[in-house]
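For reference, the structure discussed in these notes is given below.
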Amino acid sequence: MAEMVVEGAVTLNVEGAFYNPRMRLNRDLGVAMVRALGISDYLDALAASGARGLRVAKEAGAAAVALNDVSPRAVALIRENARLNGLVGCEVLSSNANVLLHQRRFEAVDLDPFGSPAPFLAAAARSALDYLFITATDTAPLCGAHLKSGIRKYMAVPVKAEHHREMGARILLGAAARELARVDKGVRPLLTHATDHYVRVYLGIAKGAKSADRALESMGYLEQCRSCGLWRTVSGVGCPSSGKCSFCGGRAEVAGPLWLGPIQDPGVIGRALAAMEGSAARSDRGVRLLQACADEIDLPMYYDHHRLCRRFKATPGTASDLVEELRSLGWSASRTHFSGVGVKTDAPIEVLREVLTAPPPRSGARGGSSSHGP
Ligand SMILES: C[S@@+](CC[C@H](N)C(=O)[O-])C[C@H]1O[C@@H](n2cnc3c(N)ncnc32)[C@H](O)[C@@H]1O
């Protein structure tokens with residue numbers, strides 16, 4: 001019995017293969033990114049019904065699209081769905097993805113597995129020539145809720161913290177950067193988002209040992225105080241910890257290694273936004289998400305505005321007000337797509353306390369007079 005769905009510009013029979021309608025946004029953005037990057041040779045390594053790869057072929061116009069799945073039922077469905085959508089030029093493969101990725105090279109490799117992409121990272125790092133796209137649905141190990149599993153999968157220590165979603169994304173980016181470095185490839189994150197139950201990263205790849213060395217300079221650690229929440233990032237490959245918070249003297253824990261470099265490329269994201277406009281992949285949520293990612297300042301981690309207010313016994317305004325206030329004082333600040341109450345800023349925690357606990361400005365005197373800017 002056929003179970004038909006329409007997604008973007010394709011119609012799919014999904015009977016008997018994995019198809020998650022909640023991942024539509026993920027696939028919409030994937031199509032937009034393939035269009036934005038002008039990719040012509042693309043592998044959907046874990047294709048299930050073929051929803052992702054067939055949409056890339058139909059909507060992004062990639063010339064050579066290969067779709068692979070180890071399940072015979074999935075492969076039969078991919079073939080049927082390719083025919084149904086007039087995409088008979090797509091290559092349909094039935095390998096173990098790790099075998100295929102060791103055998104062949106593709107301009108762009110897309111990993112969208114059940115749970116963790118960790119078992120496929122080494123082979124994908126070898127196969128991907130210019131781009132590697134990764135979905136991870138194992139957010140509990142990545143973000144610190146399942147500590148031991150996170151360490152096993154990513155060889156990184158996640159710490160349960162208020163910015164756990166970004167930490168999870170940066171641990172995934174760090175794991176990918178290290179795998180690519182092992183085969184003399186450097187990485188440049190183009191778009192990173194944590195949405196619903198998953199993290200998704202789009203990586204540009206630069207060949208050569210020097211590129212790999214440069215990328216590894218973006219690795220480091222995050223030291224976080226258990227008592228007051230202050231964090232600091234520490235670059236480099238050695239694990240550094242004073243064990244003590246410089247703000248309140250509380251116990252500090254270390255997360256990492258993780259990626260501390262830029263995670264968004266606003267130029268590429270702008271092109272993805274343009275690619276989305278007027279296309280079958282367009283959605284209001286997709287546009288809002290891309291815009292939010294493009295607008296984030298390039299700084300690791302964020303504060304949870306509500307927790308800051310509780311910590312400093314401040315009357316909560318809005319996160320946007322806090323961002324405006326910090327900007328008016330000369331600091332960099334932005335909201336973040338990682339959390340509706342997240343604030344990214346380079347202002348020290350003392351400044352945040354001062355701003356949040358300052359008496360409300362009299363009308364016409366907003367912003368205060370002193371400048372604490374860097
Ligand atoms: C989460 S589903 C993929 C969903 C799909 N990318 C989409 O967007 O609809 C994961 C797929 O990976 C396949 N799979 C699992 N292990 C595999 C392996 N080692 N090699 C190839 N395919 C595998 C499963 O059969 C399943 O169809």
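Here the Cβ of each residue, glycine as well, is placed from N, Cα and C on the backbone.
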From Arg52, Arg126, Arg152, the one annotated by TrEMBL with Arg27, Asp69, Ala97 for S-adenosyl-L-methionine: Arg52
Nearest of the binding-site residues (Arg27, Arg52, Asp69, Ala97) to Cys225 (Zn(2+) binding site) - Cα to Cα: Arg27
Between Cys228 (Zn(2+) binding site) and Ala97 (S-adenosyl-L-methionine binding site): CA-CA distance (Å): 45
Close-lying binding-site residues around ligand 1 among Asp69, Cys225, Cys228, Cys248, where CB distance stays under 6 Å: Asp69
Cβ packing number for Arg52 (S-adenosyl-L-methionine binding site), 10 Å threshold: 27
Maximum Cα-Cα separation (Å), residues Arg27, Arg52, Asp69, Ala97 listed as binding S-adenosyl-L-methionine: 19
